[in-house]
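*Asks:* The feature ATP binding site is assigned by TrEMBL to Gly8, Arg11, Arg91, Arg137, Arg140. Among the features that TrEMBL reports, CTP binding site is placed at Gly8, Arg11, Arg91, Arg137, Arg140. According to TrEMBL, the Mg(2+) binding site annotation covers Asp21, Asp23. Marked as domain 'HD' by TrEMBL: 228-329.
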Amino acid sequence: MQVYKVGGAVRDRLLGLPVTDVDRVVVGATTEEMLAKGFRPVGADFPVFLHPKTGEEYALARTERKSGRGYGGFTFYASPEVTLEEDLIRRDLTINAMAEDDQLNLTDPYHGQRDLEARILRHVSPAFAEDPLRVLRVARFAARYAGLGFTVADETMDLMRQLSESGELQALTAERSWKEISRALLEDHPQVFIQVLRDCGALKELMPEVDALFGVPQPETHHPEIDTGLHTLSVLEQSALHKQPLTVRWACLLHDLGKGLTPEEEWPRHIAHEHTGLKLIKAVNERFKVPKDCQELALLVGQYHTHGHRALELKASTLLELLQSFDIYRRPQRFEEFIAACEMDARGRKGLEQRSYPQADYLRGAAKAARAVAVQPLLEQGFKGPELGEALKRERLKALKAYKEAATA
Ligand code: CTP
């Protein structure tokens, strides 16, 4: 039997990038032979094994045939007769369909190396359409390699458009979609992921709430870019430039969804979009079974980002309500992430990317002032239960009034 490295490991080595995951394909072997060599079988669906010592993945060369809708609808055929070329042709992109042996001899029947040099993401064959998740994968690779100049081939975009229009994306499970979305958001150019999905019609299928933001105007005074969709892309871009975590990036993507619901006659103003957007944010969160920390931050940022921008004008009582809503006493990190998302929102505007955001330090100072109020003296005065809560609130309000006066004097 022969063993080859395939997929991302070959691609990234040729690009001169670090290789983390190594996938291998085995040609000319049977399941029985693999088991006899001590390989451990994994995955109920495919003939994949783990190396007894290294734990790396070895898959038998296989062909795949689609037998139904979605990812479940697969049958595969693995046998010692399946050739390397047959295994490679069922893969998604030419740059992912190269193999190399131990001596680094390259097998590249579908011209992946040529496309690597030309910086093109191109599908290998019509078999691309057998897994609709590949629409998201291509958009994710576009987001990852945008800095190197990669773009999606026109014919691949056409295929992605057909797949999107066919309704196939609806068959993807929440888990598989979220895995792609979350990885894409953490890439260097997450805005490219959303842009590619939009260009091929997939965004309308996956997140119509985000798609609806394109073409919706905002007031030029605060938003020189005007278009809400373009603003959202810029906020996402800022979040990556500033190396924000996934929670913040997810909140950035969803913060303005309410603007997509504003009746046209009210444009370019969006009164109460922070509230109208909440049910949309909730729907997107649930659709992809998003992790709880991402869900929560997106909802809080959606509801309170305007408060963040107006921090210096807020009354002490409103400031206190804001801090309480974030439960800053037990969840300090979450408030920091809120501040970061607000700052990304402020910078994600055409020509204003370098602006300063004094609201950030002001909000941090306010949180510090509220947290500094000690409980012990109130306990010593005999406060208990709900009265203790009320007394704490009064003291925190006093502290915030003093903070505000001192900070804005
Ligand atoms: N593959 C595919 N279609 C999919 C998933 C994977 O064709 N839906 C193939 C590709 O050849 C890919 C290989 O399986 O290169 C390994 O997949 P995976 O480990 O998910 O991706 P990598 O290409 O290694 O990329 P990453 O760096 O994102 O892990």
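Backbone N, Cα and C define each Cβ position, glycine as well.
TrEMBL: automatically predicted annotations, no manual curation.
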*Asks:* For the domain 'HD' (228-329), DSSP counts of helix, strand and coil?
*Replies:* 76 helix, 0 strand, 26 coil
*Asks:* Enumerate same-chain residues with a sequence separation of six or more from Arg137 (ATP binding site) and a Cβ-Cβ distance below 8 A; give 'none' if the list is empty.
*Replies:* Asp92, Leu93, Glu180
*Asks:* Given the binding-site residues Asp21, Asp23, and counting only Cβ atoms in the protein chains shown, which has the most within 10 Å of its Cβ?
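*Replies:* Counting every other Cβ within 10 Å of each candidate, the maximum falls on Asp23.
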*Asks:* Limited to the domain 'HD' (228-329), I'd like the whole-number average of pLDDT.
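*Replies:* Within the domain 'HD' (228-329), the model's average pLDDT equals 96.
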*Asks:* Could you check which of these binding-site residues, Gly8, Arg11, Arg91, Arg140, sit within 10 Å of Asp21 (Mg(2+) binding site), going Cα to Cα?
*Replies:* Gly8
*Asks:* Hey, for the ATP site built from Gly8, Arg11, Arg91, Arg137, Arg140, who else sits with CB inside 8 A of the CB center?
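*Replies:* Other same-chain residues near the ATP site: Gly7, Asp92, Leu93, Ile95, Asn96, Phe141.
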*Asks:* May I ask which residues of the same chain, at least 6 positions away in sequence, place their Cβ under 8 angstroms from the Cβ of Gly8 (ATP binding site)?
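*Replies:* Looking at Cβ-Cβ distances below 8 Å from Gly8 (ATP binding site), excluding near sequence neighbours, one finds Val19, Asp21, Asp23, Asn96.
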*Asks:* Around Arg11 (ATP binding site), which residues of its chain at least 6 apart sit with Cβ under 8 Å of its Cβ?
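*Replies:* Result: Ile95, Asn96, Met98, Gly112, Leu116.
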